[in-house]
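Enquirer: Handing you a structure now.
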Amino acid sequence: MKRKTLTQFLIEQQREHAALPAEVRLLIEVVARACKAIGHAVGKGALGGVLGSLESENVQGEVQKKLDVLSNEILIEANEWGGHLAAMASEEMETIHRIPNRYPKGEYLLLFDPLDGSSNIDVNVSIGTIFSVLRAPRDSAERDLTEQDFLQPGSQQVAAGYAVYGPQTSLVLTVGSGVFGFTLDREMGSWVLTHEHIRIPEDTREFAINMSNMRHWAPPVRRYIDECLAGTTGPRGKDFNMRWIASMVADVHRVLTRGGIFMYPWDAREPSKPGKLRLMYEANPMSMLVEQAGGAATDGTRRILDIQPTALHQRVGVVLGSRNEVELVTRYHRE
Ligand code: AHM
Ligand code: MG
């Protein structure tokens, strides 16, 4: 069987969907190359001296792991000189990173969580990189961009994707015409198309939520999970299975692979925060992928992709995955 690489796939997409500009193709290739480098560092683990924490905290007040910072540097260095970006933003940086004046500026904005699932780094469980691509404002060549320029709803994303560093290294991508999965051929160093037109089944018997927060949940979340746990004799009339990896990338990858519902809802531990996960570089790209695969994504009441962001590091409640289950949870919130 002839294998199709990421490069070939993107060129074909560009031909078939004239809407995919060459700059976006280049951008995705550069991000994918950076993910290879991150995957390589992750794979070395203790041998590379990359495990453990630093003294520093990120803007969210979380202690940074060495690999969080290294992955951020890899993505910035790979993307700043190519001429395809106007600016970048990351979970690990307080404010945006403008392209230095010595390089040409492009028409796109790149947002990322360089290494998601930080609590899993040192215990050798799957982690990943999440990214989102937006258009820069038209006049971005003539002025310095600000955070404000990034505050576009997720429905404006041009592309979104993630890499998972697990037993296999995979890249899952959408440019708005379905969801495609690539597996890294570690000998050849190339991304090979292995999953075409990924679809999420509408129904599922599997949910993912951190159950240790149960006592803090809002009543609609409690009701939904109670009904799942009641099994065949409960209102749902079927048994449910539970999985929680605590890496959003790995949990969402499972949902895209075999269906399921993933939730990180608001809870009463920090009542003033809408949730734990970040809208712009975690929830938005994952929601675009999930919708492109036929699933749904809400914050409990609203479609995530419709939310108008008000801050770069804004948090949001997340309910995503198999359409019928997401709609049920969302209905419980509205009732
Ligand atoms: P991070 O960006 O600091 O790694 O946090 C995000 C992660 C998600 O990947 C995951 O879904 C969630 O945090 C797990 O949280 P918890 O440890 O509360 O279960
Ligand atoms: Mg993260």
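Cβ coordinates are placed from backbone N, Cα and C, and glycine is handled just like the others.
Per TrEMBL, the features are:
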type	residues	note
BINDING	Glu91, Asp113, Leu115	Mg(2+) 1 binding site
BINDING	Asp113, Asp116, Glu282	Mg(2+) 2 binding site
BINDING	Asp116, Gly117, Ser118, Ser119, Asn210, Lys276	substrate binding site
DOMAIN	4-196	domain 'Fructose-1-6-bisphosphatase class I N-terminal'
DOMAIN	200-333	domain 'Fructose-1-6-bisphosphatase class 1 C-terminal'
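Mind running through what each feature is packed against?
Expert: There are 25 other CB atoms within 10 A of the CB of Glu91 (Mg(2+) 1 binding site), with all protein chains counted. In the three-state DSSP assignment, the secondary structure recorded for Glu91 (Mg(2+) 1 binding site) is coil.
Glu282 (Mg(2+) 2 binding site) has a Cβ environment of 27 other Cβ atoms inside 10 Å. DSSP assigns Glu282 (Mg(2+) 2 binding site) to a helix.
Cβ neighbour count for Lys276 (substrate binding site): 20 (other Cβ atoms within 10 Å of its Cβ, all protein chains included).
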Enquirer: Cβ under 6 Å from ligand 1: which of the binding-site residues Asp116, Ser118, Ser119, Asn210, Glu282 qualify?
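Expert: Near ligand 1, sequence order: Asp116, Ser118, Ser119, Asn210.
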Enquirer: Could you check which of the binding-site residues (Glu91, Asp113, Leu115, Glu282) sits closest to Asn210 (substrate binding site), going Cα to Cα?
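Expert: Of all the candidates listed, Glu282 is nearest in space.
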Enquirer: Summarise the domain 'Fructose-1-6-bisphosphatase class 1 C-terminal' (200-333) as counts of helix, strand and coil residues per DSSP.
Expert: 59 helix, 23 strand, 52 coil
Enquirer: Determine the C-alpha span of the substrate site listed in the record, that is the greatest distance between any two of Asp116, Gly117, Ser118, Ser119, Asn210, Lys276, in Å to the nearest whole number.
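Expert: So the binding residues stretch over 16 Å, Cα to Cα.
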Enquirer: Please report the distance from the Cα of Gly117 (substrate binding site) to the Cα of Glu282 (Mg(2+) 2 binding site), rounded to the nearest angstrom.
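Expert: Just about 11 Å between their Cα atoms.
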Enquirer: Does DSSP give Gly117 (substrate binding site) helix, strand or coil?
Expert: coil
